[in-house]
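K.L.:
What TrEMBL records for this protein is below:
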DNA_BIND  B:41-60  DNA-binding region
DOMAIN    B:18-78  domain 'HTH tetR-type'
């Protein structure tokens, strides 16, 4: 049973706010992939998102909090790691493949576009290691949990690069569960060896 | 026994020629990572490499043959795949890690920087699939060789991204043979299941 908890008047407004926030984050992400953090003005983000600068301030407070959301992997990691440990390898492989087929990208792949030099790349890398690698490692038992977590994440990163960037024809033609059957064991072997 | 086949006068000349060719390829690669193929002039490559445009023509013939070398994975794949099949997984993992530790990059990782749109990215992707994926698949027996080859390459791509771009601290601190012990089985399982 679906319970309607919002009035007809507030539901579209809330949906509009979410869509506007998403457009602002997309615009900031687009500009960050092309310019140094310090060179990007709120006005440039606003222009690209088709909103006014004060609206960005209303939703995100200031430029720093906006960019901290753009450079965070927190929400992505929560979805990626949302499964019991004994089934986590398969869940993560499916999550990457579903994200690729539905959205043409996957949440981990953003690290690939991190600039190799400069502060912005360093922040992205530090966030990625803490919010994805360390968070996974904290769930693992036994020795070398940090290294095993990084290898498990490597398997997911490689799958995303081969699917979304190299566009491997066999991978893109294969059934999602067939790929998971073949690839999840490599991930799971690092989680529960 | 080493047989000296060049005169003292020609050996340095040959070495200079190789260094100059390498500088030209580096310059072309740098510009290709930042501009569309059609917008890059021979003069821009020459300026960046510190040579004259006619010297580029002398070494590479024309702009198209120069860029076809920049966008090729042939030489990289030859070194990557240079081992017997029963030991290839370990050889490839070690090759990626040695390239990363010695040169700060590995040969497969170039595909990660392929532009997602436009002709140049399409050429890089097609080369990568043919020169790395298909070439590996041709050596595999049994069903689904193409898919298995792409998964094996995924494991190597992910390792390179985690080491060279995300800069995983545990991976970078680990012993190369320890990593190979842990990761080669995931690759080899795709090659000889």
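Placement of Cβ uses the backbone N, Cα and C atoms for every residue, glycine included.
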K.L.:
I need to check the long-range neighbours of the DNA-binding region (B:41-60): which residues 6 or more away from its ends have a CB within less than 8 Å of a CB in the stretch?
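P.N.:
Residues 17, 20-21, 23-24, 26-28, 30-31, 66, 69 contact the DNA-binding region (B:41-60) from elsewhere in the chain.
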K.L.:
Could you put numbers on the helix, strand and coil content of the domain 'HTH tetR-type' (B:18-78), residue by residue per DSSP?
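P.N.:
When I sort the residues of the domain 'HTH tetR-type' (B:18-78) into the three classes, I find 47 helix, 0 strand, 14 coil.
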K.L.:
On the 0 to 100 scale, where does the mean pLDDT of the DNA-binding region (B:41-60) fall?
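P.N.:
Mean pLDDT across the DNA-binding region (B:41-60) comes out at 94.
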